[in-house]
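**Q** Here's a structure for you.
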């Protein structure tokens, strides 16, 4: 049986380096990966992409094998070769040191002897990149017989092929990598079907035959002890588990959790797959004939190469005909040959383009990780990819000379697309927004493509962030020596080394309204397009609006673990990024968060909010009170409850401020009592455990879990963790030297005198439909106002504490020494203990509290490759049906390619429609009357309202005198007068919005905005 390899010795995982990868893979998977030795044969662009991704992913070792001498054409996609190495150095030796520098935890070797059997036995996975078919067959036969996982992959121009052989009985331990689904139980029937109903807040994502386990079920408690049960789904909220008539009646509570099932798959040798044509993995559901044609097509070009000692010549029709004849001899009798596709394959068989290397290389690296870990579902077994849509439309009619190599580093791209398109690429001006993971990959691709390397070309890149250790795992342009340096400048410097001809300018200014003096009209008008490599929606929406305004193409993409997507936005053709958006993320109800948590996510969010309140907001409020004379006055606009809470916090922070660390320990110990005992005692005083509602059902049922107060135990590690973290953070607030001796803290905490707690009569919100406690009666509001006045009279005057400041703490998840995650973890788990919720370890807590996005270098590389494929189409002004938005999941695996949505058309009148890309252009500063007359006479539109941003410039209901004055004013002056803002010196345009009627029908009509040029 072929299994993911056993771990002989548990390797140490650097959580800080692999942080984002760990959230996609898990520690257990990483242990297997870091024990894996990989051989990569072939080190042109495809091979180095695989090596780069595996090194960053953290395998145990990568051995490089390629004795061929570096050629100039290799530089089309091999980003670790230099022109000085051409004709002098072997490929493996040429890139060795730069690969070594990628990850100090990964051993890199070069092999210069033969690929004999004894040597191959040293490896867990063997990868062949762009190797002869005869070698693929030979090495695969040996690997299959010796239980060595084998992958062969190749790219030929815009075509690619990948083959997996992980042996017989390969075990997939986790088919999709998703967390097991867990649901809160509402009821379980006592009958033959045994129907389980879950609470309405959750919809089942289980399938017939899935296995589940039960826990915390009351009444029918025997379910808690049963092994995993097979289910049958009934509805989005119900499923059956079989006969429950012999079990006690269900009363309340309980969770049902999916049990992940392993899967065993058989792989066959390459020879068998080529002969039978079975086990073909479909990559594009809309390309029906692609797999069968490329199965014989790739064999045909290899047979041609064996006979002629070279692959088909670029764009040579005689060679293409020969390839087609070979393919005819290989195909099955009932298969139809697509001679156009085979011609395209032959024409570009010597082609080498970095987008395809990024796509196939990233996918291959992910397949290696699957082979060594069993995590995710492998491609079974052979897959074909193509991007023929980006080839020139008149490919076959173009002269052969157009595609001949010229002794340039871009020859691989010239062979594929021609010299004319290469010249266009080199002279493009592009704006790359973001130099993180996707940004690094895009810059590498730009450098290899020569984008911006021509006399008129330029790449602008901006990123305001600096480099952190966790970036090094997937942002491959950075090294540990670059930590704390600007990402944009460091990345620009790195790609200049890859291609010294690249013209690149780096900025550290964020994109947004506040930087429009820098990224101004002149800047955007100079661009050919924009590529987003952003990690937040706000910036994406802003760049989208700028691209629409200036009529520029936008390349958009994103990743989440093994998932990725791309979107191309083309002026006057497609909808924009903001035309369709995901629904906002559903938040946790306040009453659930404060009083009725039922999941670890609830307690982590509560702990995160508590951190902000204690160590940041309190300090900020004190500092504002001491330095802002109008701060107290501004509080009067808040409701009494919020005002009282803020002033109480200031009082506690100023009057009760600690003088030494012992007082910080005492404060932390009292906070423990307040949060985990007193608050719970109060809640149970209001709602006793045996309380029933007016309908007769237990109050503590369904999603409401009855809590239990905690009694402080200084010997309990979790209790002490809270005190240590809280005391240290409190000390930092006040600039007090911390105590590192845990024994001292433990002893001091045990001696703190804790006052007895007596519950009070207070109202507690039990659902979102009830008014919050802050929505008090007038009498309650008056009482709180009185309390506020009392606190204000007790506070020291700001003048008495001139220069005093409390250190506000900004939450930082990636510093393990600052006690931030320690506090959140301890606080969350203590609250989880209150409510009998399974606690979370520090790693999981950090991911949820820090809102960490799982990230893999493999997914990033693939996404960047697909983006560049669309970029090549944009340059050629392709028709809508040629573009593709990509949706993929390397883990399942899944690839979906869909045509972008066309820009919706809005009708003004018969024969006149417009899209979001259209606008009226008015050139020259004219009066309001002239503006109104222009639209009436030229467009047949009677304007009833005119505005600019939030300023209303004209409306029919404006009084007569004001209207007459405004009609005489030039619009630029009118805007300055009414907005009370001067027009920016660096801008030439105003964007005006109009409401109007069609003069022909007198109907209200929607029309585009007006770009009004007031300055030449």
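Glycine residues also receive a Cβ, built from the backbone N, Cα and C atoms like all the rest.
Automatic prediction, not curation, is the source of TrEMBL annotations.
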**Q** In TrEMBL, which of 695-717, 718-740, 741-763, 764-786 is labelled region 'Disordered'?
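**A** Region 'Disordered', as annotated by TrEMBL, spans 764-786.
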**Q** Is it possible to get the count of other C-beta atoms within 10 angstroms of the C-beta of residue 591 (active site, glycyl thioester intermediate)?
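**A** Result for residue 591 (active site, glycyl thioester intermediate): 17 other Cβ atoms within 10 Å.
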**Q** Quick one: DSSP breakdown of the domain 'Ubiquitin-activating enzyme E1 C-terminal' (883-1010) into helix, strand and coil?
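**A** Across the domain 'Ubiquitin-activating enzyme E1 C-terminal' (883-1010), DSSP assigns the residues as follows: 30 helix, 50 strand, 48 coil.
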**Q** Looking only at the domain 'Ubiquitin-activating enzyme E1 C-terminal' (883-1010), what is the mean pLDDT?
**A** 94
